[in-house]
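Reviewing the structure listed below.
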Amino acid sequence: MTPSIGYVDEDENGQKSKFLRSSDDPYRLSIEEVIEKFETHLENGLSDEQAKSKLAKVGLNNLGADEKISISKILAHQIFNAMVLVLIISLIIALAIKDWISGGVIGFVVFINIFVGFIQELKAEKTMGSLRSLSSPMARALRNGVDSNINAEEVVPGDIIHIKVGDTIPADLRLVDCMNLETDEALLTGESLPVAKDHEEIYDYGAPIPVGDRLNMAFSSSIVAKGRGTGIVVATGLDTEIGKIAKSLKNNDDAVVVKVDKSLNPSTKDYLIAVIKTTKNIIFNVLGTNVGTPLQRKLSWLAILLFWVAVLFAIVVMASQEMRVNRNVAIYAICVALSMIPSSLVVVLTITMAIGAQVMVTKNVIVRKLDSLEALGGINDICSDKTGTLTMGKMIARKVWIPNVGSYLVQNSNEPFNPTVGDISFNENSPKFIKETDDELDFIPHLPSPTPILFEKWLHIATLANIASLNQIQNEMDGSIEWEAHGDATEIAINVFTTRLGYTRDKLIGDSLEHLNEFPFDSSIKRMSTVYKDKDGNSTVYTKGAVERVLSCCKYWYNPELTALSEEDKLLIESNMNALSSEGLRVLAFAQREINISKENVSNREVVESNLIFLGLIGIYDPPRPESAKSVKLCHKAGINVHMLTGDHPGTAKAIAQEVGILPHNLYHYREEVVKVMVMIANEFDSLSDDEIDNLPVLPLVIARCAPQTKVRMIEALHRRGKFVAMTGDGVNDSPSLKKADVGIAMGLNGSDVAKDASDIVLTDDNFASILNAIEEGRRMSSNIQKFVLQLLAENVAQALYLMIGLAFIDKSGYSVFPLSPVEVLWIIVVTSCFPAMGLGQEKASHDILEQPPNATIFTWEVIIDMIAYGFWMAVCCLVCFVCIVYGKGDGSLGENCNEGSDTGCNLVFRGRSGAFAAFTWCALLLAWECIHLRLSFFKMRPELENPWWKQLAIDLWDNQFLFWSVMGAIVSVFPVVYIPVINNKVFLHAPIGYEWGLAVAFTILFLIGAEGWKWFKRVYYRKSNANNPEYDLERNDPFKEYSSFSKSNTMEIV
């Protein structure tokens, strides 16, 4: 019975297009079944009526409507976060009680927070437009028996499409005919080489077939690299493989609305639970507690916590006044509440990240989403694509084996097209012997001299059975000489190798050789041959191709004399091929023979490619970037695990992973079941349930033949283990995982626009090493964020304690007099502290920042305790300063109505506020300098240097000039604020002072002494605790420790 085809009536995404639904996969069907299923005809195609009818059912062949930038959504995102909402509530209350000055200052702070965030997010906002640009604009379709070019959007299932070299495939095709057809699917599957197609292949229903292995299919947005073909359209729009990826990008995994599955006959209770969960999600989304990076979520929770603490303190204020709430009490309550809110934190954080993003541009990293920069500091797992990221994305000859001569090895070749770069070494043994021997066999750097005759014969084949070109050109910009190549990637690699040894086609042909014939590479035959005649009249056949296809044409080989090729000899050659393949190399064989053109027909391929003499093998591969191994090692040293998720074959993936250090070089020392977990094929991983994956003692380091969903599941598995994950990729197939990861990192040079749109960060040089630059900058920012969060929150703690204790100061009318006015509180929090906090955000990274473990959180116990300690000591110093002024030299008179204006009798209170304000300001500024290092003394932040303390202090302070001038400027700003008329007594509610300056300075110095004493205590404590485990660093920096330590009993069987 022929499988049926149906159409879904509704589009779950609200698009006009309707989805094709089939009961069987086209790649499992014969061509005849596909023709019948899609109601088409190979010779005539669809009729216009059929095409019109199907277009009405399935819709246009595109990926949906444009998503435009939503100004309102960006603005709402800035307003609806907990920190800003708390400030807005304070603003409303201040205006409600007609405290215009405080309300104006709070309003300005709210505006700055919203404006800065809005501008930054507007710049980063991207659309899905580039995804649609991948579609082929035109397609060559057969309709009504006539070939015609139609708009690709009008292609429908059942259309007969013709494709040729250079075409972008307009839809998913089931191939019905192809000639040497190869398609580049790197952006879709991650496969580094073009995929040879075979329309006659049919797959059974027994096992799942990854997209990259469906050789009878050609996929939408792939590019035809070689040959031509014809196919039946089996999927369009969002039903194509690329469409499925686009659909997954559009679907919001963190949907706010919880839907009820009506097919399960839900009860009223189910609907009620869904409503409760939806309401909870909406509230948490508005407050920002379940969106954004870990730091943003923690800050949102912090804002909520501080809001309720502020409410509690406000209630305490009112209770202390026996609930007699008048304007004075309300102002004091607002003042206490504001002292708990780090008003400048959001804007400082945003500006610091914006500056960090500008710095990253100089390090080949473009930050699309500022949030991700802070998030990089906490990354402890990187899932990386292979092709073009860890590797160069170009092919290089790695090894050559000539029987009875030995093996040649190419090393240090980091310029694929440059034959002058790199070293060739030699070993007289075969690849099989080198692999199997227990001895360390070194390759000697000197090649045999003179060149062995068999190697010379092989070089002639490699040079003449090759149509790739290699040329030197002059760079127009700087005049330097560069190498460029044209042709098949495999042939270019061989050409570069032979040119390296002085063998080029022009030199060999010259005036001595005549090209008689050529049989091009055919995907069904998998070999190519050329025939040349020399000036003596002798003709020679030169052949190269897939090992099994060349061996089938060979009758002889040299062992060491020319001898017949037996079955044992072929098995030996195949074992050497397997040895090269196990290293991740693509292996080709080479053969030749002399041909008598007077007796044999050189136009007959079967005749020419017979009775050949086998001469050797070559192994080529896409080599790792020179810096990849070092970068992976640094990642391990930084406590970051690196996983390779690639569409390539297992052998290639495993070999590259070992070469760059993702897998241990001594993999043979590990038990078989451990290696099975370390290296898995996507089908193995995908066959496991989430529970089975979670029960694995460790997650795989390498997964080969990855489909997009495999990468997403790997990231989800890491998330379930509490990991913070970065994902790198360049292809369309990487987009869902880039979006799913905590930080998505796309390639800028060769990456698809789709991947860039789904990413948070783009590498402009496609270099894995640049990820380390991003992580280093992320860690620097996380460290600096920790510093200014400590500075700002310690000030909040100090002000809250100061004002709460200040409730004890009761004036003549029985109301509390606040020892700092609301504007003084806001001035210290917003103006005085804001710029030094930005300065802390620009601190340079410590020299060992990549040798430290990832920053799991900003709010460590050390930071929390520091916050309380510094805040308490600052409050004590400033409160004692106020008391000394009012009750020491003063008579203790607190006047009346001093919270609103400078009435009679308020002079002493105003002078006390001025002294305390100066002390508070200067203590806060010194705290900024103290926060440069959480433990080291302010006077010796670099103990490894031998400079005198005063000289080193001057160097350290001047090193961050923004922070230096911010602190100095804020120190000086106290004087005009205290002395300028009207501003002092009407706005700040304080008065000019004299001897009180001395007290302010004295208590500032006392705060500095206390802070230094606290740091000294911490250094002693951590020195003792860190001395307990001297081998900790060695254990922490062993990336494979957990793989080598889990026992056989808790290892899961992988089948």
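Glycine is no exception: its Cβ is also placed from the backbone N, Cα and C atoms.
Feature list (source: Swiss-Prot):
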{"type": "TOPO_DOM", "residues": "1-73", "note": "topological domain 'Cytoplasmic'"}
{"type": "TRANSMEM", "residues": "74-94", "note": "transmembrane segment"}
{"type": "TRANSMEM", "residues": "100-120", "note": "transmembrane segment"}
{"type": "TOPO_DOM", "residues": "121-298", "note": "topological domain 'Cytoplasmic'"}
{"type": "TRANSMEM", "residues": "299-319", "note": "transmembrane segment"}
{"type": "TRANSMEM", "residues": "329-349", "note": "transmembrane segment"}
{"type": "TOPO_DOM", "residues": "350-789", "note": "topological domain 'Cytoplasmic'"}
{"type": "ACT_SITE", "residues": "Asp385", "note": "active site, 4-aspartylphosphate intermediate"}
{"type": "BINDING", "residues": "Asp385, Thr387, Asp730", "note": "Mg(2+) binding site"}
{"type": "TRANSMEM", "residues": "790-810", "note": "transmembrane segment"}
{"type": "TRANSMEM", "residues": "817-837", "note": "transmembrane segment"}
{"type": "TOPO_DOM", "residues": "838-866", "note": "topological domain 'Cytoplasmic'"}
{"type": "TRANSMEM", "residues": "867-887", "note": "transmembrane segment"}
{"type": "TRANSMEM", "residues": "914-934", "note": "transmembrane segment"}
{"type": "TOPO_DOM", "residues": "935-962", "note": "topological domain 'Cytoplasmic'"}
{"type": "TRANSMEM", "residues": "963-983", "note": "transmembrane segment"}
{"type": "TRANSMEM", "residues": "991-1011", "note": "transmembrane segment"}
{"type": "TOPO_DOM", "residues": "1012-1055", "note": "topological domain 'Cytoplasmic'"}
Short question: which residues 6 or more past the ends of the transmembrane segment (299-319) have a Cβ under 8 Å from it?
-> 81-83, 85-86, 89, 287-289, 292, 325, 329, 332-334, 336-338, 340-342, 345-346, 349, 796, 800, 804, 807, 816, 859
Same-chain residue ranges lying at least 6 outside the transmembrane segment (991-1011) that approach it to Cβ under 8 Å = 870, 873-874, 877-878, 880-881, 884-885, 889, 902, 907, 910-916, 918-919, 922-923, 926-927, 930, 938, 978-979, 984-985
Among 790-810, 867-887, 963-983, point out the range having the most Cβ pairs under 8 angstroms from the transmembrane segment (329-349).
-> 790-810
Given the recorded positions Asp385, Asp730, the candidate whose Cβ has the fewest other Cβ atoms within 10 Å is Asp730
Selected stretch (most C-beta pairs under 8 A with the transmembrane segment (790-810)) from 817-837, 867-887, 914-934 | 867-887
The topological domain 'Cytoplasmic' (935-962) - residue tally per DSSP class, helix then strand then coil = 13 helix, 0 strand, 15 coil
Apart from its near flanks, which chain residues at least 6 from the ends of the transmembrane segment (963-983) lie with a Cβ under 8 angstroms of it?
-> 827, 831-832, 835-836, 838-840, 842-843, 914, 917-918, 921-922, 925, 928-929, 932, 957, 990-993
Which whole number is the mean pLDDT over the topological domain 'Cytoplasmic' (1-73)?
-> 70
Looking only at residues six or more beyond either end of the transmembrane segment (74-94), which have a C-beta under 8 A from one in the stretch?
-> 102-103, 106-107, 109-110, 113-114, 117-118, 121-122, 125, 285-289, 296, 299-304, 306-307, 310, 330, 334, 337-338, 341-343, 345-346
Beyond a gap of at least 6 residues from its ends, the CB atoms lying under 8 Å from the topological domain 'Cytoplasmic' (838-866) belong to 294-295, 298, 302, 348, 351-352, 355-356, 377-380, 634, 637-640, 724, 772, 775-777, 779-791, 794, 928, 931-932, 934, 959-960, 962-964, 966-967, 1014, 1018, 1036
Per the Cβ filter (under 8 Å) with a sequence gap of at least 6 from its ends, the transmembrane segment (100-120) is approached by 74-75, 77-79, 83-84, 87-88, 90-91, 94, 331, 334-335, 338, 343-344, 346-347, 350-351, 353-354, 370, 822-823, 826, 830, 987
Could you tally the C-beta atoms, other than its own, that fall within 10 angstroms of the C-beta of Thr387 (Mg(2+) binding site)?
-> 25
Give the distance between the Cα atoms of Asp730 (Mg(2+) binding site) and Asp385 (active site, 4-aspartylphosphate intermediate), rounded to the nearest whole Å.
-> 8
In the same chain, residues at least 6 away from the ends of the topological domain 'Cytoplasmic' (935-962) whose Cβ sits under 8 Å of its Cβ atoms read 835, 838-839, 842-844, 926, 929, 1008, 1011-1012, 1015-1016, 1018-1019, 1022
Tertiary contacts of the transmembrane segment (817-837), defined by C-beta under 8 angstroms and 6+ residue spacing from its ends, are 99, 101-102, 105-106, 109, 331-332, 334-335, 338-339, 341-345, 347-348, 788, 791-792, 795-796, 799, 802-803, 806, 809-811, 879, 882, 894-895, 898-899, 909, 912-913, 916-917, 920-921, 924-925, 928, 962-963, 966-967, 969-970, 973, 977, 987-990
What are the DSSP helix, strand and coil residue counts for the topological domain 'Cytoplasmic' (838-866)?
-> 13 helix, 0 strand, 16 coil
